[in-house]
Amino acid sequence: MSKTFAEIAETFLEPEAVRIAKEAVEEYGDHERKIIQIGIHFQVCCMFCDEYLSTNGSDRFVLIEGRKRGTAVSLQNELCKSYDLEPLPFLCDIFDREEKQFVEIGITRKADDSYFQSKFGKLGNSCKIFVFSYDGRLDKNCEGPMEEQKLRIFSFLATAADFLRKENMFNEIFLPDNEETIIEMKKGKTFLKLRDESVPLPFQTYEQMKDYCEKFKGNPRELASKVSQMQSNIKLPIKHYEQNKFRQIRLPKGPMAPYTHKFLMEEAWMFTKISDPERSRAGEILIDFFKKGNLSAIRPKDKPLQGKYPIHYKNLWNQIKAAIADRTMVISENDHSEFLGGIGRASKKIPEVSLTQDVITTEGLKQSENKLPEPRSFPKWFNAEWMWAIKDSDLTGWVPMAEYPPADNELEDYAEHLNKTMEGVLQGTNCAREMGKCILTVGALMTECRLFPGKIKVVPIYARSKERKSMQEGLPVPSEMDCLFGICVKSKSHLNKDDGMYTIITFEFSIREPNLEKHQKYTVFEAGHTTVRMKKGESVIGREVPLYLYCRTTALSKIKNDWLSKARRCFITTMDTVETICLRESAKAEENLVEKTLNEKQMWIGKKNGELIAQPLREALRVQLVQQFYFCIYNDSQLEGFCNEQKKILMALEGDKKNKSSFGFNPEGLLEKIEECLINNPMCLFMAQRLNELVIEASKRGAKFFKID
């Protein structure tokens, strides 16, 4: 740290102000000139607060500025709670107990009110704003402050300005108004600590790893000897891919793979209502839908369109309506709920035999043979559902996200703008709808599993969203909507281990007839009619359509609960991928090219009629999100094995692209390993087909390592 700034600060600032400023600069890695700026601001805040009492004799002002960020946030939240105020999304400097308002203090050397206007644009009238200038001007959005406060503060600022001018430091601390602000980056303590923690083993610190990498020199002879040694140990000949080309992956044949996600996606139909903040619990939402929407009138017909156990599902549906009507959300144990919930149907262990009893025969100890899953072919329905997930839904704001913290500098403003741009594209997609459904529904199931493990409970399959802007101006737009997709019954759930399973029975609404190949696992009933709103010209008309009830018994594990309830993480991976591309392009050009990159850079998203389809990065975001979410919902051992092996082919493809030689020990064995993972997972089969298409396209463009059958 430069001693010049610290020494000057110590000559005219209070010791406490200097200490606070030094700690802030060291913690956040700011420029040394900030010592004087922060110190002056803190001392002005102290002058604003000191020696002023409320009518009851206690201190009128509470000083928030100068505390550690965590402590300051806690204090501000406590004050909001104590005085029944709305929590603020940003930190203020002071709290006025007498007027029950927060106060923001600003200090500027500008001759106009631009600094005040920028603060007012961010904060509005949510708090008092006082901006003091070195030339004696005060900009504010309310009455005050007291005359004595103003005199003390202006006197101090004038003294500070004179002192800094004598030391020729006034212009050093503040950049001239006609120059652009320079963003100077410095590594703070937290950054350095996280950087050292992230280095791979065997390195202990970043500097150690950096030193090793800088001194490392590749030795071709040494590398060749290591390869030869590895070859002699494995006793397999090295095969260069130019002579031993990769063939296409053979997809399994047979019936199409069925739909295996826990909830319907493209076929799902939802009932909507305006959200009531006072009735936001899952059970209350379900009661309101059945009461106001008359959903109790839904009655499945006796004969299903397809599926097994229709009597059990019909009786359980009647029990669900009774549980909602009496507001208990609990279903009593009976033959139907126990059968569908799998209660008492677990395989029994072989009984222990005491020494005094006869020994049981070897035949009695034999375990039934495990049946391997039947191989399934690529499902035609998957492509249609993939494209549906990419498109926009009627509503937006499906995934609940935390509010952005207040930006403290231009770099954070820039990052916030980029994230809001990407989030605006993603939040209105059908994929975001399904993510929101998983987050809230599985979150409610997790709560019921923890609180009522021994009970059979009713939980809504629901999500929350916001309406898009009305097509006709002047119509009121509800801020938030509750969307009900169906009802889920949780069976008994004693989850002692992470892989512990529990049964759920889902009843989901749809206005589409079932696809026998896709919905093999469902029992489907006709259940009456519903009204669909359709836009015809400038008016909206209602049309009655049949309503179907899709019923299914499936299971969830403790681990799957965690994955689905945290599906919003798919946003992070997606946005991080695109952000990296944008920042890399900007770094190359040494200018802000974010908007240009989002709108002009193309990404391959698929193939149609034998030709590649590419879209701008802004729209390709959707494909990235769908891919991440599908990894989340279809994840199993097949998908993990496939992804682990396919990357070796992709590495060879990248090497071919860079005109480098690639080799391995057993290319045919690698393909066989991949094909072992292709059984009945729809996502695996989809990715294998995409990989084949990628290989075909690469071969057309001159790739040397692949051959087309």
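In case you wondered, yes, glycine gets a Cβ from its N, Cα and C as well.
Marked as Mn(2+) 1 binding site by Swiss-Prot on the basis of sequence analysis: His41, Asp93, Glu104, Ile105. Ile105 (Mn(2+) 1 binding site) is surrounded by 23 other CB atoms, counting those within 10 A of its CB over all protein chains shown.
Annotation source Swiss-Prot lists Mn(2+) 2 binding site at Glu65, Asp93. The Cβ of Glu65 (Mn(2+) 2 binding site) lies under 8 Å from the Cβ of His41, Phe42, Cys45, Ala72, Asp93, Ile94, Ile105, each of which sits 6+ residues away along the same chain.
For 109-124, the entry in Swiss-Prot reads motif 'Nuclear localization signal 1 (NLS1)', with the evidence type sequence analysis. DSSP states for the motif 'Nuclear localization signal 1 (NLS1)' (109-124), grouped as helix (H, G, I), strand (E, B) and coil, give 10 helix, 0 strand, 6 coil.
Under the heading motif 'Nuclear localization signal 2 (NLS2)', Swiss-Prot lists 166-228, citing sequence analysis as support.
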Same chain, |i - j| six or more, Cβ under 8 Å of Glu104 (Mn(2+) 1 binding site); the result in sequence order is Cys92, Asp93, Ile94, Lys119, Leu123, Cys127, Lys128, Ile129, Phe130
Lowest local Cβ density (other Cβ within 10 Å) among binding-site residues: His41, Asp93:
His41
